[in-house]
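The compositional bias 'Basic and acidic residues' annotation in TrEMBL covers 153-163, 171-180, 293-302. Look at TrEMBL and you will find 235-250, 276-292 tagged as compositional bias 'Acidic residues'. Taken from TrEMBL, the feature domain 'Sde2 ubiquitin' covers 6-94. The feature domain 'SDE2-like' is assigned by TrEMBL to 95-207. The region 'Disordered' annotation in TrEMBL covers 101-132, 153-203, 218-302.
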Amino acid sequence: MASSNVNVLLSSFPGLSLPATLSFTLPSTASTSDLTAKIASYLPSAISLQSLVLTTTNNKQLTATSECIQSLLPTRDGVFTSTLLPLRLTTPVCGGKGGFGSQLRAAGGRMSSKRKRNQGDNNGSSRNLDGRRLRTVNEAKALAEYLAVKPEMDKKEKEERQRRWQSVVDMAEKRQDEVKNGSGRQKLDGQWMEDREEMSEKTREAVLRAVKDGGWTDNLRDAILGGSSTSASDEGSEEDASSSEDEESEGNCKPSDAVSGPSAPQKTAPRKFIGFDDDDEFMSDSDDEMDESDKGKGKARA
């Protein structure tokens, strides 16, 4: 190499009272110990070089040894191509388990694996050698397995349903026996139960017989018509009774007329409804008063 000096370019970090890139020259025969001593002379007194890390651009750490710095220069076919020696001065940082990025990637990987497990086979849309999709083949297999076990499932379900019904029937019979025999919490006399059932049957038969014979009256009709209708019917019945007595007396006096003349039809009292008849009477009275007042206010007739 023509030049006997090596130009060192040192890249540092803020806080050392040094420029971003420090340049100085050393002889080519200098060792790494001379290099470190030269760099230490530029550092502040409060900072030692042992607390810093000196590396090349190839991440090779340099320590205070007898190695010649010329060996650090780039070569080609045994010939040095440059006299520049770039170096970096850094401070060691405490390591750890990793930053937020690594943790986030790990969590994402776990989530994706869980989602893939839930989704099942991702190759369901692929086809086999027969041309059928794998999803269809898997569904057909699952259907065949279901049809194979379906009769057994139906049999178990039928047995379970029959057992449940039988338990309901047994419970009802047990309850009936307890009621009749008085062995349960509600102690009832068996003879009373039999008499009650017999009376119910007799009552039902009597009602059916009366309905068939027609010997029944609608008692609900009078309750619907109300007191006005009943009073009207009572007055009508009294008038009918008085008229019948008069006819009997006339019949005794004039038997020929009673025999020859046809009997006059009896007039039935008109039906009255609660609320409607009172409103009609009230309205009719008010109409009569209005007519009389109009006649009194009008002009006299000529």
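Quick reminder: no glycine exception, Cβ is built from N, Cα and C everywhere.
TrEMBL: automatically predicted annotations, no manual curation.
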DSSP residue counts for the domain 'SDE2-like' (95-207), split into helix, strand and coil: 86 helix, 2 strand, 25 coil
Helix, strand and coil counts within the domain 'Sde2 ubiquitin' (6-94) (DSSP): 18 helix, 31 strand, 40 coil
